[in-house]
Amino acid sequence: MNKDELLKEYVETFGEKGQDVFFSPGRINVIGEHTDYNGGHVFPAAISLGVYGVYGPRDDKKVRLFSGNVNGNIVEFDIDDTTVEKGERFWANYFKGMITYLREKYDNIDHGFNLYIKANLPSGSGLSSSAAIEMLMGIILKDEFKLDVDRVNLAKMGQRTENEFVGLNSGIMDQFACIMGKKDSAIFLDCNTLEYEYLPLELGNYEIIIMATNKPHTLADSAYNDRVRECHDALTKLQEKLDIKALGELDNDTFDEYSYLINDKTELKRARHAVSENQRAIRATKAMKDGDLEKIGRLINASHISLHYDYEVTGKELDTLAEASWKQDGVLGARMIGGGFGGSAIAIVKKDKAEEFKKNVGKTYRDKIGYDASFYDAEIVDGSKMI
Ligand code: ADP
Ligand code: MG
């Protein structure tokens, strides 16, 4: 998407010139799924698919938003309006939350603005378009109003937006990856302490291929909140004997030893995933430092299996993508990413096998599911910024 085109679309929308253009990336996650809200580790990276925004200041207190991806009108509200939007205007909540939380801290956000947004990132596809637009709003307000807020705090406000304006009890991974991303690196993040480390994604002859299921209408949000609650209930039972604040503090052996406290089959499976997935993320990043790509691939496959059997968030679309990927030549590993049920998967594939891979997996998917999956080769890029 080019800057001139975006500026032109801004003029067509608002009838005047826009001032600055920003980009905020989506994300993938190499390993560590559903571990962020369990105080475990994740290993995400920002991608070159994302959301662009053209900003123009206003003299009054109105915010006027237009999305080039939504069939609808300009959404307008006052900067001091903190009510949660419903219905057609729901997407404005991602912006409204960020404005609300930043204005709580910075009273110099004293005038409104127009904002034109356009994404080349499919929305609802597990690549975190929601965090991309939250962090877009965050970086715009930070830069335009010269706020001294740091990026990690923007991520925290994005998580709060998701929790309180959208109603999804998600962790901090998505926002952290979008705003803290670094070109050609993934972020090894401890979601308990927010300590992090950039690790170059050195894949040699291999590349990461993103596969979107294109599954329509998933009911992922309520299932997501169920998982959060089930893990919390399991944690409470373990706390009868263990002095821990999060499942992410446990290694596999300690969890096994105390698992008798969790007298509920579902909670046991959810907690087992949270613990084992965190350990896999730690092992995979160690393997990355050792250059052991095959081991990373096996851990990625094991992650999918655990998300299927223990966490039960895959579904036939994601299973078809992962299982078809595992059968192809030159594949190190494949798994679902994001919340699950629909959304996307990733595969690590030998570069010279990539075309054949897409053809074969694409065909298996169409035959089994009845419509096409989409394949994306994204680059790993820096976090949200003015362009
Ligand atoms: P994901 O974050 O995996 O893409 P979510 O369900 O968390 O999926 O977020 C998708 C929602 O974010 C959409 O339903 C919409 O409300 C909002 N959204 C995403 N991209 C855009 C966009 N380009 N324009 C307007 N709203 C968007
Ligand atoms: Mg999201």
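Using N, Cα and C of the backbone, Cβ positions are placed for all residues, glycine too.
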Task = Figure out which of TYR198, TYR206, TYR224 sits with GLU33, HIS34, THR35, ASP36 in the substrate site per TrEMBL.
result = TYR224
Note = The rounded CA-CA distance in Å from ARG27 (site 'Transition state stabilizer') to LEU127 (ATP binding site) is 5
Request  = Summarise the model confidence on the domain 'GHMP kinase C-terminal' (286-366) as a single mean pLDDT, whole number.
outcome  = 97
Other CB atoms, at most 10 A from the CB of SER128 (ATP binding site) = 32
Query = When you measure from the Cβ of LEU127 (ATP binding site), how many other Cβ atoms are you left with inside 10 Å?
reply = 30
